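Feature annotations, reproduced from TrEMBL:
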- 1-15: signal peptide (SIGNAL)
- 1-231: domain 'G-protein coupled receptors family 1 profile' (DOMAIN)
- 41-62: transmembrane segment (TRANSMEM)
- 83-105: transmembrane segment (TRANSMEM)
- 136-159: transmembrane segment (TRANSMEM)
- 180-199: transmembrane segment (TRANSMEM)
- 211-233: transmembrane segment (TRANSMEM)
Amino acid sequence: MYIFIAALSVNSVLLSTVTYPKLFVDVLSEKQVITFSACRFQHFMCYSIGGSDFLLLSAMAFDRYVSICKPLKYPVIMRQTTINILLFLSWFVPGLQVAVLHALVLNKKLCHFTLKGILCNNSLWKLYCESPRATLIYGLFAMLNVVIFPVFFILFTYAKIFLITYRSSRAIQKKAAETCLPHLFVLSIFTTLCAYDVIIGRLELDFPKTAQLIMTVQVVFYNPLFNPFIYGLKMKEISKHLKRLFCRVRCS
C-alpha cells in the first residue's frame, strides 16, 4: 500500500508544479495571460494526474482487499511485478486518453480567447469556434475508464471488506477502519470536486463567480495540502519501510 501512497504524493508534487507558479504570477500581475500551448499543457497534466489518482486509489483498494480478506495469498497476488503493472497503468492510461482528446482538436480553429476561471480546465473546449462533438463523446468514454469504473470498483471492494470484517474480531475491524476510512474520505472529496468540474465545463451551467473561484481553489489545493495529513496516520509505518529500504541499499 505504501508504494501507492508514495505515488499519490508524487502526483501531488506534479500538480503543484504545474499550477502553483502560474497562480502566483497571476496574483502578482494586473492581467492574467497564458499562451494557448501552455494552457493545453496545463490541461493535459491536470487531467492526467486527476485520472491517475482515481486509478491509484482503486489499486490501493485492491491491495487492502487482498491484505485484509486474503492475507495468506497476499505475497503471491501482490508481487512486485503486479505492483509495477498497476503503477504503470495508473500513469499511462490517463495520460494516453487525455493526449488522444487533444489530438482530436489539433487542427480546429479558435474563435474565443478569454478563458473563465483560474485554471485551464474543461472550459478550454469553449474557446473553439464550434464545440467538437468528438471531444464530448470521447471525454465521456475516458471518464468511464478513469473515474466512474474505478469509483464503483473502490466502493464494491470496501463494501466486501466491511462485510467480511464485520464478522471478525474487533482488532481486525479496527485495522480495516483505520486503513479504509481515510481512503474513502479522500475518494468522496475528490469525486465531488471532479463532478463539479464536469458540471461546469461540460453542461455549461451558470454558477456564481465566487462559488466557481472557491471550488477551483479547492481542486488545486486539496490534494497537495490535505493528503499528507490524511495519510499521515500511516507515517510511522512508512518511515519504517523507508529505513528498511535505505538499509538494503547500504548493505548491497
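The backbone N, Cα and C atoms fix where each Cβ goes, and this holds for glycine too.
If you count C-beta pairs under 8 angstroms between the transmembrane segment (41-62) and each of 83-105, 136-159, 180-199, the highest count goes to 83-105.
In the predicted structure, the domain 'G-protein coupled receptors family 1 profile' (1-231) carries a mean pLDDT of 80.
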